[in-house]
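Participant: Below you will find the structure I want to go over with you.
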Amino acid sequence: MASIRRTLSQVYQDRSYQNGVASAQAHKLFSTNNNSGKYSSLTSTSAVAAASVYLRRKGFRRSFYRCTIFFILGLLLGIFPFGQVDNDINKHDFSFEMKPPHVNVQLDTKDNFAFAAVSLGVEKTTPQLDRFSRFDYVERKQVIVITPTYNRALQAYFLNRLGQVLRLVQPPLLWIVVEMTSASAETAEILRKTGVMYRHLVCVNKNNTNVKDRGVHQRNAGLEHIERHRLDGIVYFADDDNVYSLQLFESLRNISHFGTWPVAMLAQSKNKAIVEGPVCNASQVIGWHTNEKSKRLRRFHVDMSGFAFNSTILWDPKRWNRPFSNPIRQLDTVKEGFQETTFIEQVVEDESQMESVPPSCSRILNWHLHLDAHGLVYPRGWLLQKNLEVVQPIK
């Protein structure tokens, strides 16, 4: 095949062309050749080549425009469907609605719908009232028990016995335990193990070794604590060596002002039992039981563990119309056996302001047995550091 080459015209010899002849230049050459014939030096081969480049670019544009039109047309047809769509497919296959479980419905004779028993697979819950009935929401008065104690051989036994009784009493109950000079670690450990709400106090104002004065000062320390903190409840003096029934502490909550009851005790000779306390007619106090000739001069014949009173008498005298506002305390200047009556005279005026516990004073609720042993040697902390000297061998 013959190849014909021709040099460029002198007009364009100074230009360099990359990737062949540009379409714009070819178009210019082609148009100028057809219009004016100015460049008659171009051959027919160059004209055909320039025309083919122009037609190729024009064909690409036409294809691009057609593809764009068909793409837009197909997109519109997809967005806006024509014709009918099956309703079953829309309702069942493409449903995102959360439907409730099936419920059995019966048609009544009066053409009214009535629901039968419905079971949703959930266990039947307890009604609201039944759930709350399992809890005890009965409002009770607080019982405040004041117990003086001191280090001796049977102290651990007495405190543990009293603590186990108080543990069985329905709350609220506060046990105030008072020691002299300092709080012992052994007593604190016993109180922690009882599980009873307590306050461990120390009477530091008085350093008297006399048993009579010691108990008076310890009880006064408990009364001062109640008055300072305005504790509301029924105050009761419970010595650790006495024996108490559970019913006694439950009966204390029925007292509104001042309550008293008979106490069984052993005589000082310990050869007979006596009863000391009120004689009652229903809820009224009409007399007193007493067997001690030396105590007949007392105004009120009652044991220290035979009465209780409302704590507001100590810190709210206006409520009870007390004529004086002096603090109510036990006196250490009176003879032994007269601390009870002198204290009660500060709380009430006469028997008309007293209440019998229980009604008619028909039961003995606590006992004062005087079982404490004196002069016994006991180990420090109630613990033995080593075995006893006498050991009986096992045969």
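Cβ atoms are placed via backbone N, Cα and C, with glycine included.
Bear in mind that TrEMBL entries carry predicted annotations, made automatically and left uncurated.
These figures come from a predicted structure and were not determined experimentally.
Pasting the feature list from TrEMBL:
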type     : residues : note
TRANSMEM : 64-83    : transmembrane segment
BINDING  : Asp241   : Mn(2+) binding site
SITE     : Glu276   : site 'Interaction with galactose moiety of substrate glycoprotein'
ACT_SITE : Glu340   : active site, proton donor/acceptor
Participant: Cβ neighbours within 10 Å, counted over all protein chains: which one of the recorded positions Asp241, Glu276, Glu340 has the most?
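Facilitator: Most Cβ neighbours within 10 Å: Glu340.
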Participant: Cα distance, Glu276 (site 'Interaction with galactose moiety of substrate glycoprotein') to the residue listed as 'active site, proton donor/acceptor', nearest Å?
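Facilitator: Answer for this pair: 12 Å between alpha carbons.
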Participant: How many whole Å apart are the CA atoms of Glu276 (site 'Interaction with galactose moiety of substrate glycoprotein') and Asp241 (Mn(2+) binding site)?
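Facilitator: Taking the Cα atoms only, Glu276 (site 'Interaction with galactose moiety of substrate glycoprotein') lies 17 Å from Asp241 (Mn(2+) binding site).
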